[in-house]
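J.: The structure that follows is given in the form of structure tokens.
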Amino acid sequence: LVWLLVLSLAWLSPVLGDEEEDEEVLAEEEEEGEVLSDELGEEDGVLVLHEHNFARALSEHRLLLVEFYAPWCGHCQRLAPTFAQAATALKDESSPGRLGKVDATAQTALANEFGITSYPTLKLFRDGNRTHPLAYTGRMDAKGIVSWMERRAGPSATLLQDPDTAATFIGSQDLVVVGFFKDLVSEAGQVFYEVGGDVVDMPFGVVEAAELFEAYGLSADTVCLFKKFDEGRTDFPVDPEWGLNAAELTQLLRVHRLELVMEFTNETSDHIFGAKIPHHMLLFLNKSAPGQLELRDDFRAAAGTFRGKVLFVMVDVAGYGADVLPFFGMTPADAPTLRLIKMENNRKYQMDQDVFSEMAIRTFVQAVLDGKVKPRLLSAEPPEDWDTRPVKVLVGKTFEQVAYDETKNVFVKFYAPWCSHCQAMAAAWEELGERYKDHEDIVIAELDATANELENITIQGFPTLHYFPAGPDKKMVEYKSTRDVETFSKFLENGGKLPEEPPAVPKTPENSTGREEPSPLGTAESRDEL
């Protein structure tokens, strides 16, 4: 009996051991299964997607808007509650559209497949097709996201078949777009439907009936913008030879949907910048000050000449516009005053006349467009100890004498006080300054590019790092590598270039060269570059 017991235990023990091992393996597989499963989980109504459930999400949802994000991206963090709010709204409305998100730093296969180069990037997948996703073109607020998705869930334009229906539709809102096409399936008609899918903040209607062509005084294919202000209606005839161009029509609608003079408010700011008009003429006034509102009349009279080229904007310095005054180096006491800004480089031009008549305004604007007026460059006053600190503090009026010193190699950080990337690298820049503070021909410096402007240098993102080598040629080299003290030092010790090294392939994209992009009137763009 003893031997039988021993033999039994000897025979069972490996099996029991295997069972324990199998249970461990099974537990591990179950644990891995949670990661590898194609189940669709949610966070705040947003589908959490990865490479193992992405195909299932596409197959189950006809319209899927996916945000590719990075956990460290400030813009992504600010978008998260808005995206969740939009996702909840779409679910509550039983919309066929759903929202999902992908951590592009962890799901590199998906990030590479869809060419993700900045965060956040939003792409729409339709009918399970993953080869041709559509880039998101709407506003980055909950209402804008919902409207954009709803427009794609149904027809982008309403068919108007009789005069009563057309009149009711046209009178339903302040802005209405109606396409008159003799053949709705023509190429021009299809372009109109395409534009209707993108321009979601105006209702689109479409007409084919001959009696409606006659009722609205049309004989050929035409896109009409009906509005309850200014001239009331703007027609865009379809070119019989070239047809209808989607980008051109979209831009025309963006321009002509605006009032001739826009007031800068929280509600209008998206439309002002979304119009992409290359110049803005700004009238700064205090609406509560006696007599200043009268300046709008001549300002408006001058605006019509430049429609599409210059957008005329009124800014109340005692209201919503107060926040943008530092961007122009102004205080409320400077009102009333006029500024023209070139949107491509933020160059600002000041009108010096004391009397702002229609003719004076038109003459000034045309002179700027003709290149006959020099920009007004901002410059702060230099701190008393600006040149005794390890990091020299430059301003507009001292920049050239330091940066272009023929005996010095000068490394300058151009920053914005509000920029998170600038704040993240501040300690490294100070350490670099300490390291080279006693060096005879290397200078570490910084310049607040929101308070100082330079005639020949335009800063497109923050932070921007430029190296100015010694010598008479006034050369400038942009630094685009990793932002840490050791890499900075290698760059400086090697004469303004990094020594060649074998390329390292990171496991995940890093934001070592990410920048925050500046926009006019102190706003910021909504994506971080990799």
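Note: Cβ is positioned from N, Cα and C throughout, glycine not excepted.
In case it's useful when we look at the structure, here is the feature table from TrEMBL:
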- Cys73-Cys76: disulfide bond (DISULFID)
- Cys419-Cys422: disulfide bond (DISULFID)
- 14-154: domain 'Thioredoxin' (DOMAIN)
- 368-497: domain 'Thioredoxin' (DOMAIN)
- 491-530: region 'Disordered' (REGION)
- 1-17: signal peptide (SIGNAL)
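Could you place the listed features in the three-dimensional structure?
T.: All protein chains considered, the CB of Cys76 (disulfide bond) has 23 other CB atoms within 10 Å.
Around the Cβ of Cys419 (disulfide bond), 21 further Cβ atoms fall within 10 Å across all displayed protein chains.
Broken down with DSSP, the domain 'Thioredoxin' (14-154) shows 67 helix, 31 strand, 43 coil.
Per-residue pLDDT, averaged across the domain 'Thioredoxin' (368-497), gives 94.
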J.: What is the interatomic distance between the Cα atoms of Cys73 (disulfide bond) and Cys422 (disulfide bond), given in whole Å?
T.: 14
J.: What is the interatomic distance between the Cα atoms of Cys76 (disulfide bond) and Cys419 (disulfide bond), given in whole Å?
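T.: Cα to Cα, Cys76 (disulfide bond) and Cys419 (disulfide bond) are separated by 15 Å.
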J.: By DSSP assignment, list the helix, strand and coil residue numbers for the domain 'Thioredoxin' (368-497), in that order.
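T.: For that range the per-state counts are 33 helix, 26 strand, 71 coil.
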